[in-house]
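Engineer: One structure follows; several queries about it will come next.
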C-alpha cells in the first residue's frame with residue numbers, strides 16, 4: 001500500500017515537472033517568435049496604407065490615409081535618381097539620397113526604401129549602422145571597397161572590392177562602410193533597405209558630435225585616450241552626408 005502511494009506521488013511529481021518543462025519551452029518559443037515578428041517592419045494587413053502625415057494619431061509609423069483619397073501620386077516621386085549628386089561640399093566625399101516614407105508616403109507599412117549614393121574620388125560613406133534595416137547594395141559605376149563588422153565578442157571584419165554590377169549585403173544593425181578607393185574616378189551605388197524608415201547612426205557623429213556632448217571622462221576611458229584627444233574630436237564638425 002505504501003509502495004503504491006509512493007509510486008503515485010512519484011508519478012504526479014514527474015507529470016508536474018513535465019508540465020513545467022512544457023510551459024518553459026512554450027514561453028521560449030513564443031519569445032523567439034515575437035522577437036522575429038518585431039525584427040523588421042510589420043507586415044501590411046491591407047493592399048496599402050499611405051502615410052497620413054497630418055493625422056493626430058500617433059502610431060509606430062504613420063496612420064493610414066483614407067483609401068478613397070489615395071491616388072497614384074501617393075506612390076510616386078520624381079526623385080531623379082539617375083542624375084549625379086554633388087559631392088564637392090561633403091567633407092567625407094559622399095552624398096546619400098534616401099527615399100523613405102518621409103518622401104514617399106506610399107511606402108508606409110511596406111518595409112522597403114531606396115537610396116542613391118554618390119562617391120567622389122577617394123570618397124567615403126563612413127562607418128554607420130541602420131538600426132531597422134538590412135541593406136543590399138549594387139554598384140552602378142566605379143569601384144567600391146566595402147565591409148561590415150560583426151557584433152561582440154568577435155568583431156570580425158568582412159570586406160570586398162566591388163565593381164560595376166556587383167552586389168553586397170550589409171546585415172541589419174551592423175557597422176558598415178563603403179569607400180571609393182580610386183583617386184581619379186567617381187562611383188555610384190544604389191541601395192535597397194528593408195524598412196520604410198531604416199534610420200542611420202554614423203558612428204563618429206553619434207559618439208563625438210552628440211548634443212549635448214558625451215562626457216570626455218566617459219569617452220577617454222572608453223577609447224583609452226587622453227581627454228585632450230576627446231576634446232579635439234568633439235570640436236570637429238561632424239557632417240551628415242545624408243541629403
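Yeah, the Cβs are placed from backbone N, Cα and C, and that goes for glycine too.
Note that TrEMBL annotation is computational and uncurated.
Pulled these from TrEMBL:
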- 49-64: disulfide bond (DISULFID)
- 79-231: domain 'Cupin type-1' (DOMAIN)
- 125, 130, 135: oxalate binding site (BINDING)
- 128, 130, 135, 176: Mn(2+) binding site (BINDING)
Engineer: Using other CB atoms within 10 angstroms as the count, which residue among the disulfide-bonded residues 49, 64 scores least?
Structural biologist: 64
Engineer: Please work out the number of neighbouring Cβ atoms within 10 Å of the Cβ of residue 130 (oxalate binding site), leaving out its own Cβ.
Structural biologist: 23
Engineer: Write out, in the order they occur in the sequence, the residues of the chain not among 128, 130, 135, 176 that have a C-beta within 8 Å of the mean position of the C-beta atoms of the recorded Mn(2+) site.
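Structural biologist: Surrounding the site, in chain order, are 129, 133, 148, 170, 174, 175, 198, 200.
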Engineer: Whose Cβ lies within 8 Å of the mean position of the Cβ atoms of 125, 130, 135, the oxalate site, other than those residues?
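Structural biologist: The surrounding set, listed in chain order, is 115, 128, 129, 133, 137, 170, 176, 178, 191, 193, 198, 200.
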Engineer: Under a criterion of Cβ-Cβ distance under 8 Å and sequence separation of at least 6, what residues of the same chain contact residue 176 (Mn(2+) binding site)?
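Structural biologist: Once residues fewer than 6 apart are set aside, residue 176 (Mn(2+) binding site) is near 127, 128, 129, 135, 146, 147, 148, 149, 170.
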Engineer: List the same-chain residues at least 6 positions away in sequence whose Cβ sits under 8 Å from the Cβ of residue 125 (oxalate binding site), in sequence order, or say none.
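Structural biologist: In sequence order, 92, 94, 96, 117, 119, 177, 178, 179, 241 meet the Cβ cut-off.
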